[in-house]
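A short write-up of the structure that comes next.
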Amino acid sequence: MQKNLFTSESVGRGHPDKICDQISDSILDAVLKIDPNSRCAIEVMASNRLIIIGGEITTQGYVDLVSKSWEILISLGYTENDFTIISNVNEQSKEIANQVDRQDDNIGAGDQGIMFGFASDETKSFMPLAISIAHDLVKRAEKLRVENKINGLKSDMKSQVTIDYSDQKNPKIDTILMSLQHDKDVLLDNFRNDVKKLIIEPVVNDYNLNSNYKCFINPNGSFSIGGPIGDTGLTGRKIIVDTYGGAAHHGGGAFSGKDYTKVDRSAAYMARYIAKNLVAAKVAKKLEIQLSYGIGMIEPISINVNSFGTSKFSDLEITDFIRNNFSLSPKSIIEKLNLKNTKYFPTSFFGHFGRDDLDLPWEKLDQVDKIKKFFK
C-alpha cells in the first residue's frame with residue numbers, strides 16, 4: 001500500500017549555515033544591548049578557514065564584531081587558530097532609515113515582502129510533528145556533546161524525520177536519519193550505537209510513538225570533516241529549519257541578523273503568534289496566515305488565512321477577526337511582542353517557533369480566551 005509520507009529536517013549548532021546565523025544574532029543582541037534603537041542587518045559567510053561579516057549597522061554604541069564571532073566559534077569547539085575573521089560592515093541606507101526611523105505611529109515597513117505564520121494541534125507546542133522531532137534530536141545531541149556523554153561527538157550535525165500519515169489520526173515515524181560529525185579516531189559502529197541509544201530512542205520515547213521505524217546514522221560512513229572547513233555557510237540559508245520544516249509556506253525572508261524593524265522577522269513572528277492562539281482556541285486544527293507589506297507602508301497590504309478545511313468557520317471570517325482585533329503595523333508588532341527587549345541569539349538554532357525551552361513573546365497563549373469568546 002502506498003504510504004502518505006512527509007519529511008522535515010533540522011541541523012545542529014555547528015552546521016556551517018547555523019554558525020553564521022548564530023554570529024549574526026549574537027552581534028544583533030550586542031548592538032541592541034548598548035542601544036535599543038539600533039538598526040542591524042548582519043550577514044555572515046564562513047568558507048574553509050575564512051569568516052566574513054558584512055551588512056549594515058547604525059548604532060550609538062560600539063561592538064567588537066570579531067570578538068563576538070569568536071565567542072560563538074569557541075563555544076562550538078574551535079580555537080583562534082582555526083579561522084581568519086574579516087569585518088566589512090556599513091551603516092543602514094538613509095533612504096531606508098527615513099521610512100523606519102519616524103518616531104510616531106507612522107513607522108513604515110523597512111521593505112516589501114510576504115511573511116507566513118503557522119500552527120497545528122499535532123504537538124503540545126502547536127508545531128508540525130516532523131520538525132518537532134527533528135529539532136529535539138539535534139537539541140539532545142548538542143546537550144550530550146557539551147556534557148561529553150558521547151565519545152568523539154562534534155557540533156556539526158543534521159537530523160531528518162519522515163512521518164507516515166496514512167492513518168491521519170495515528171501518525172507514525174517511518175524513518176529517522178542522523179548525520180553527526182565526530183573525531184577521526186572514533187569507531188563508527190560504537191558511535192552509531194551511542195547515537196541510537198542515547199539520542200534517538202529517548203527522543204522517540206518522549207513522543208509515545210512507534211519504535212519500529214527505519215533508522216540511518218551516518219549512512220555515508222565517516223563524517224570527521226565538518227563545519228565551515230567541510231562546507232560553506234551563509235546567514236539565512238536554513239529558513240525552512242527555522243520555521244515549520246516545509247509544512248507551511250515561506251515568504252523567503254530570513255530572520256537572523258535582522259533587528260525588530262525588519263518585517264521579514266517581526267511580521268513572521270506576529271503571524272505565528274496569531275495562528276498559534278487561534279489553533280489553541282480550537283478555531284481550527286491547522287492554520288496558516290500570510291501577511292504582505294510594502295516599503296514605507298504602515299499597514300499590511302494583505303492578510304490571507306488558510307485553515308485547510310479544519311475549521312467550522314470560513315477563512316474570510318477568521319481573516320476579518322484578525323484584521324479587526326490585531327494591530328499589524330510595524331510599531332504595533334514591536335510593542336505587542338516586546339521585540340526591543342527580546343534576546344535573539346537563542347532563536348538562531350533549533351528553530352524560532354515552538355520553543356518551550358525559551359520564553360518567547362510570540363509563543364505566548366494570551367489571546368485564547370478573547371478568541372474563544374468571539375468564536376462561540
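Note: Cβ is positioned from N, Cα and C throughout, glycine not excepted.
Every protein chain shown contributes to the tally, and the Cβ of His15 (ATP binding site) ends up with 28 other Cβ atoms within 10 Å. According to Swiss-Prot, the ATP binding site annotation covers His15, Asp156, Met157, Lys158, Asp231, Arg237, Lys238, Ala254, Lys258, on the basis of sequence analysis.
Annotation source Swiss-Prot lists Mg(2+) binding site at Asp17, citing sequence analysis. Other Cβ atoms within 10 Å of the Cβ of Asp17 (Mg(2+) binding site) number 22 in total over all chains.
Marked as K(+) binding site by Swiss-Prot: Glu43. Sequence-distant contacts (6 or more apart, same chain, Cβ under 8 Å) of Glu43 (K(+) binding site) comprise Cys20, Ser24, Ile53, Gly54, Gly55, Leu234, Thr235, Gly236, Gly257. Under DSSP, Glu43 (K(+) binding site) is assigned to a strand (E or B) in the three-state scheme.
Positions annotated as L-methionine binding site by Swiss-Prot, on the basis of sequence analysis: Glu56, Gln92, Asp231, Lys262. Around Asp231 (ATP binding site), the C-beta neighbours below 8 angstroms that are at least 6 residues distant in the chain are Pro16.
Residues annotated as region 'Flexible loop' in Swiss-Prot, with sequence analysis given as evidence: 92-102.
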How many Å separate the two farthest-apart Cα atoms among the ATP-binding residues His15, Asp156, Met157, Lys158, Asp231, Arg237, Lys238, Ala254, Lys258? 25
Determine, using Cα-Cα distances only, which of these binding-site residues is closest to Lys238 (ATP binding site): Asp17, Glu56, Lys262. Asp17
Lys262 (L-methionine binding site): tally of other CB atoms within 10 A of its CB: 24
Using DSSP with the three-state reduction, classify His15 (ATP binding site) as helix, strand or coil. coil
Could you measure between Met157 (ATP binding site) and Asp17 (Mg(2+) binding site) for me? Cα positions, answer in whole angstrom. 11
C-beta crowding around Lys238 (ATP binding site), within 10 angstroms: 25
